[in-house]
Amino acid sequence: MGKNVVVLGTQWGDEGKGKVVDLLTERAKYVVRYQGGHNAGHTLVINGEKTVLHLIPSGILRENVVSIIGNGVVLAPDALMKEMTELEARGVPVRERLLLSEACPLILPYHVALDNAREKARGAKAIGTTGRGIGPAYEDKVARRGLRVGDLFDKETFAVKLKEIVEYHNFQLVNYYKVDAVDYQKVLDDVLAIADILTAMVVDVSDLLYKAHLRGDFVMFEGAQGTLLDIDHGTYPYVTSSNTTAGGVATGSGLGPRYVDYVLGIVKAYSTRVGAGPFPTELFEEVGEHLSQKGNEFGATTGRRRRTGWLDAVAVRRAVQINSLSGFCLTKLDVLDGLKEIKICVGYRLPNGTEVDTTPLAAEGWEGLEPIYETVPGWSESTFGVKDHSKLPQAALNYIKRIEEITGVPIDIISTGPDRSETMVLRDPFDA
């Protein structure tokens, strides 16, 4: 039988999923995106060459791998074409390697206009979205008025449906938000110009994945964002609009949940967050600056500087519960090099003095939380690029062991640099 492995983030995104997916796809036949959209930013460094992908799965650079965008992904046609064009200019035959679900909702210009108008109207209470129309596109999906990739097979009917939706959203844009209307004809012309390219890549994803499983193929499911940004389980309302957790694999691809064999949680050796929302372990002074600069903590999608802080093991434990994690991949260990001591958040103290060891569900519940820290010794030696587990400093090994003890999950992979080769695979998920 085949093996289905899920790779997802255990924190607030930006954990280093892209590199790990790219590494593990060496053994995979398919790589599947199952949620999110081009608000993701997955950075791959292969032989020193950097590639940033937002929508196309990270397996696209491997010639023996088929990349799939599942129904749980909201797809911006213009963003997909831009990414395809850039990759094709580098000699990557994207159209031979990429497949799409016809059930993918389309992100169109009115979604982007709504996203930006709403963020502006929220003022100081802005969520910090990427402004790419992700949330409004999911809204249209749930309201059952959204257009999907499959609608492009019938261009005349697509035009009629689009006109109704543009009129609906333009009313809100013009009358409530007092911004310009979206040009229906331009939207229609732009989408129809590339419709045939998109429909040529359409496949029944659920059927494909089921048959792949029966054949014994290895499949990798690539998560975007992170567990604490999940629409249901994250720091609501400072979350994304999709299910970033393991449950999203089944609903976002059509694979039966019993067929998931291993869930790999990517955990950064410290914490980061982009945009607004709770972040109990956030650091503002010298150590925070160290993590930000040494870790190059700037968003691959937005370019925004990420907030940085100590590892929040309470939040990571929540990710263990929700995702039924099989193992961790620890990333950016080298960023902690040179710190005399390292702190791990093992609990929270509420404003009334009560100590808790689980995360609140809504953002309001995080207000006034104080992290309870455990301090461990740091190390002065460099871990950058180390490929042999036994050659890591003893203090680094102790830190790794402590994370395993607190979370109850083994660290199966350790990343010590951005390049694909700078990785230690202690237990391969496809063999676990």
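All residue numbers here begin at 1 and follow the chain in the order shown.
Here the Cβ of each residue, glycine as well, is placed from N, Cα and C on the backbone.
According to Swiss-Prot, ASP14, GLU15, GLY16, LYS17, ASN39, ALA40, GLY41, HIS42, THR130, ARG144, GLN225, ARG304 bind IMP; the candidate from THR157, THR240, THR245 that the record adds to this site is THR240. A sphere of 10 angstroms centred on the C-beta of LYS19 (GTP binding site) encloses 25 other C-beta atoms. When the binding-site residues GLY13, GLY16, GLY41, GLY303 are compared by the number of other CB atoms within 10 angstroms of each CB, GLY303 has the fewest. The number of other Cβ atoms within 10 Å of the Cβ belonging to GLN225 (IMP binding site), over all protein chains shown, comes to 28. The most densely surrounded of the binding-site residues ASN39, THR43, THR130, THR416, judged by C-beta neighbours within 10 angstroms, is ASN39. Rounded to the nearest whole angstrom, the C-alpha distance between HIS42 (active site, proton donor) and THR130 (IMP binding site) is 15.
In terms of C-alpha distance, the listed recorded positions ASP14, GLN225, ARG304, ARG305, ARG306 place ASP14 closest to THR416 (GTP binding site).
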